[in-house]
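What follows is a single structure, written as structure tokens, with notes after it.
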Amino acid sequence: MKYLYLEITSRCNLRCEMCFKQHWEDEEGDMDYDLFLKILDDAEKFPELKMIYFGGIGEPTVHPRFMDMVREVKKRGFALGISTNGTLLTDEMLKELAELGVDLVYFSMDVLPTAQNVVTLGHILAGVTAEKIKKLVKYREEVGTHKPSIGVEVVVTKENYKQLPELARYLLNLGVDAMLVSNLLPLTPEQVNDIVYDGSIDMTPIVNELYKIAHNGLYIKLPYFELKTERVCDFDENKVAVIRWDGEVVPCYRFLHTYREYIFGREKKVNTYSFGNVREKSLADIWTSERYTWFRFITKNYLYPSCTDCSLRDACDFVKTTDIDCWGNEPSCADCLWSRRIVMCPIPQYNFGKFL
């Protein structure tokens, strides 16, 4: 295991329509602190572990002991990454993140922070998030370590795709290190009309402009904007495990919760899938279990069908859920837009002495 993702809470202070959280069937909750400490104890058994990452489908800063958790991770010597909308981070918290040497913070922002830029699907309060980024840049300069690295996650829709180059320039001038661009994964039939990877939009000019901006020092990670044959599971390739707030160990974000998604307009039920609970077993026992090891072997070698471009997909019952595919794999990754790099996995890369 090289990356361990912790969903320390599934609650959030915002209500963004494109978020899984608005459409899943699961209950909300916070990871209790004793369980968190047990997970850190278990994590110390993995010598190749590069980073612990506070993420999942919740807002980590909502957790009442968020800063205690940050301090504990850094006290134990782990690298720490955090995904956040940033709106609850106070000046004191931002300053302490820099002083503690938190390694990476990714903020969510989908448009330029101007009054006229209001999107119906994207993350709201872009102006507030931008101010938090400015302050974090200031505090890390005062500390003098250039930590944390700062990234921004952007979800592309028909509402904001034309703004991507301008947003990239803005982030570069703001002092941001990385920009992760991902496509919208529709969670309602209406959202299908907002995707840009169905051939309705020519993204080539936008992509070319973004590459030019990247040469100026902004690390930009882009998705594909059309369906391609190649499949790459970043969660599996980077040896990632994800632990839900209640202790369930899942292989990736896609299987973290139960919800409905729309693959090029076709409805699919995604059912959460766990390989065990760290309340009952050690993380090492779960990670090395026969079932989890076999799953990683299957996904690593892509020994599963491709439902997305199968000619039988509209007449097949297997594609209706992620429970099983026509090759007998449980759960099924055969319809995953994350492995197609249409939806981007938020896995950091270690480049030039820092995580991005």
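Cβ atoms here come from the backbone N, Cα and C positions, even for glycine.
Under the heading [4Fe-4S] cluster binding site, Swiss-Prot lists C12, C16, C19. For 1-214, the entry in Swiss-Prot reads domain 'Radical SAM core', with the evidence type sequence analysis.
Listed in sequence order, C12, I57 are the same-chain residues at least 6 apart in sequence whose CB falls under 8 Å from the CB of C19 ([4Fe-4S] cluster binding site). Neighbour count (other Cβ atoms within 10 Å of the Cβ, all protein chains): 20 for C12 ([4Fe-4S] cluster binding site). In this structure, C19 ([4Fe-4S] cluster binding site) belongs to neither helix nor strand by DSSP; it is coil.
Within 10 Å of the C-beta of C16 ([4Fe-4S] cluster binding site) there are 20 other C-beta atoms, taking all protein chains into account.
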